[in-house]
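S.K.: What follows is a structure written as structure tokens; I'll ask about it next.
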Amino acid sequence: MGLSDGEWQLVLKIWGKVEADLAGHGQDVLIRLFTAHPETLEKFDKFKNLKTADEMKASEDLKKHGVTVLTALGGILKKKGQHEAEIKPLAQSHATKHKIPVKYLEFISEAIIHVLQNKHSGDFGTDVQGAMSKALELFRNDIAAKYKELGFQG
């Protein structure tokens with residue numbers, strides 16, 4: 001299920017656009033996640049009280065968390081599938097401390113794709129979208145495998 005060198009190049013090229021505005025992209029991804037899947041808010045004590053997209057947009061904590069999420073994901077993507085060292089602590093914290101189900105990782109992957117389509121439609125054609133979808137699926141599958149090792153049924 002790995003990606004070709006060409007697919008990784010597509011992923012990292014579009015990710016460069018994300019890194020040019022981590023705060024904006026991160027905020028948009030989390031707002032999309034929380035509005036499309038409100039049940040995900042229950043996992044975030046800091047954000048549970050945010051009920052509207054406008055409230056979310058005004059939250060500095062949400063913006064900071066968006067940067068944290070996309071910074072971690074960017075570090076994983078740059079490893080081009082050789083991300084064992086990055087995945088292990090992330091899976092550990094998301095399984096044991098935060099108890100984030102794999103389904104929610106699918107939801108945030110959908111949110112990332114949606115935001116990239118909206119912000120970079122000219123640079124996010126079917127080839128780039130397909131490569132990014134594969135990269136995010138690889139990430140989710142590897143997190144799910146670690147969850148299983150940890151005995152987390154997320």
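Cβ atoms are placed via backbone N, Cα and C, with glycine included.
Grabbed the feature section from Swiss-Prot, which reads as follows:
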type: BINDING; residues: His65; note: nitrite binding site
type: BINDING; residues: His65; note: O2 binding site
type: BINDING; residues: His94; note: heme b binding site
type: DOMAIN; residues: 2-148; note: domain 'Globin'
type: MOD_RES; residues: Ser4; note: phosphoserine
type: MOD_RES; residues: Thr68; note: phosphothreonine
S.K.: How many other Cβ atoms are found within 10 Å of the Cβ atom of Ser4 (phosphoserine), counting all protein chains shown?
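M.R.: There are 10 such Cβ atoms around Ser4 (phosphoserine).
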S.K.: Let me make sure I understand the structure: which of the binding-site residues listed (His65, His94) has the fewest other Cβ atoms within 10 A of its Cβ?
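M.R.: Comparing Cβ neighbour counts within 10 Å for the binding-site residues His65, His94 gives His65.
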S.K.: Which residues, sitting 6 or more apart from Thr68 (phosphothreonine) on the same chain, put a CB under 8 Å from its CB?
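M.R.: Looking at Cβ-Cβ distances below 8 Å from Thr68 (phosphothreonine), excluding near sequence neighbours, one finds Gly26.
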S.K.: With DSSP helix as H/G/I and strand as E/B, how many residues of the domain 'Globin' (2-148) fall in helix, strand and coil?
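M.R.: Counting residues by DSSP class gives 118 helix, 0 strand, 29 coil.
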S.K.: If I take the alpha carbons of His94 (heme b binding site) and Ser4 (phosphoserine), what is the distance between them in whole Å?
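M.R.: Just about 28 Å between their Cα atoms.
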S.K.: What's the CA-CA gap between the residue listed as 'nitrite binding site' and Ser4 (phosphoserine) in angstrom, rounded?
M.R.: 31
S.K.: Quick one: mean pLDDT on the domain 'Globin' (2-148)?
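M.R.: Within the domain 'Globin' (2-148), the model's average pLDDT equals 97.
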